[in-house]
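First up is the structure itself, then whatever we jot down about it.
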């Protein structure tokens, strides 16, 4: 039986201030890694009324027109006029990026690439569950679907009075580990001042909520809270300061799994906060896809400058078809979780990261991208290409 009878997760749109910051940080990473695959990047962004501040540490041979890059991201999200409270074309851009510490570099860089040390100490978690088709928890999956649809309806002109900032929240009811109903839906969306609240609520219900959520899970007692405070005209960086790395639960499993605390956006793959969390998802998803367990959470930890993980632990919450200790042995046999090996296994040295910075890093569909002369697959950590080998090794 599921550990939870009711569980709630939330998501935010690409126009949420914290997500603007995440997307800018990852756009900077992409621009650098497109020219210098082995660059070291740690980029943080702050956005507030009329200004974007970009800071961090970078070691690279690449040159990036950072000001234009930041403006392009902001405008692309939808902040293109003072009428919506933020204008990427005219806002101030402050660049305070410096160089990476040589003390860190000496702990990471090695003559033999496979001996590359972790960029920092830390612990990372990966998770998967068979409750949805993408092996993600349903509450975060559905929450992402709502704000993705909000952005789609805004950008394609279906609901042209929508503005970029939005938040969603979904409460799911479980029986025996599977979702049997949605008990509550919250969707708050920024909008133009001239739209009537009654029209907004009807349109959001019919064209966003009902379009995004499985009809069979909505029932007569489902609670709907659409812009529950009423008017939501002032939003984005005018309403709230946005910072990189403040939506780490939205980025991962919606609280259904534990989190080591490290954010992803703006960090190159040498930072295990990001790459090892991606590897953890890859491992957990393949374990569930192989049928070794219905749910799986894995923890990996590292010491700065050391290649081998300091620990690997795993929990299948009583759903494993064999013991957790035996599954850990299979993980060690089939997955090399040293930092360089993760980068190679998941092919992470490509400019794929801005695409991860909104609507979740996990539960996405791998797809081919081309940037300049570089063609690669994004979201490789969502592949289940190890499932057959794991199943065979487990004797299932």
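Every residue gets a Cβ built from N, Cα and C, even glycine.
According to Swiss-Prot, the Mg(2+) binding site annotation covers 18, on the basis of sequence analysis. Residue density at residue 18 (Mg(2+) binding site): 22 other Cβ atoms are found within 10 A of its Cβ, drawing on all protein chains shown.
Look at Swiss-Prot and you will find 44 tagged as K(+) binding site. Sequence-distant contacts (6 or more apart, same chain, Cβ under 8 Å) of residue 44 (K(+) binding site) comprise 21, 25, 54, 55, 56, 243, 244, 245, 266.
Under the heading L-methionine binding site, Swiss-Prot lists 57, 100, 240, 271. Around residue 57 (L-methionine binding site), a 10 Å sphere centred on its CB holds 15 further CB atoms from the protein chains shown. Secondary structure at residue 57 (L-methionine binding site), taken from DSSP and collapsed to helix, strand or coil, is strand.
If you look up Swiss-Prot, you'll see 100-110 marked as region 'Flexible loop', on the strength of sequence analysis.
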*For residue 57 (L-methionine binding site) and residue 18 (Mg(2+) binding site), determine the Cα separation and express it in whole Å.*
20
*DSSP three-state assignment for residue 271 (L-methionine binding site)*: coil
*Translate the DSSP assignment of residue 18 (Mg(2+) binding site) into the three-state scheme.*
helix
_Return the count of C-beta atoms lying within 10 angstroms of the C-beta of residue 271 (L-methionine binding site), excluding that atom itself._
23
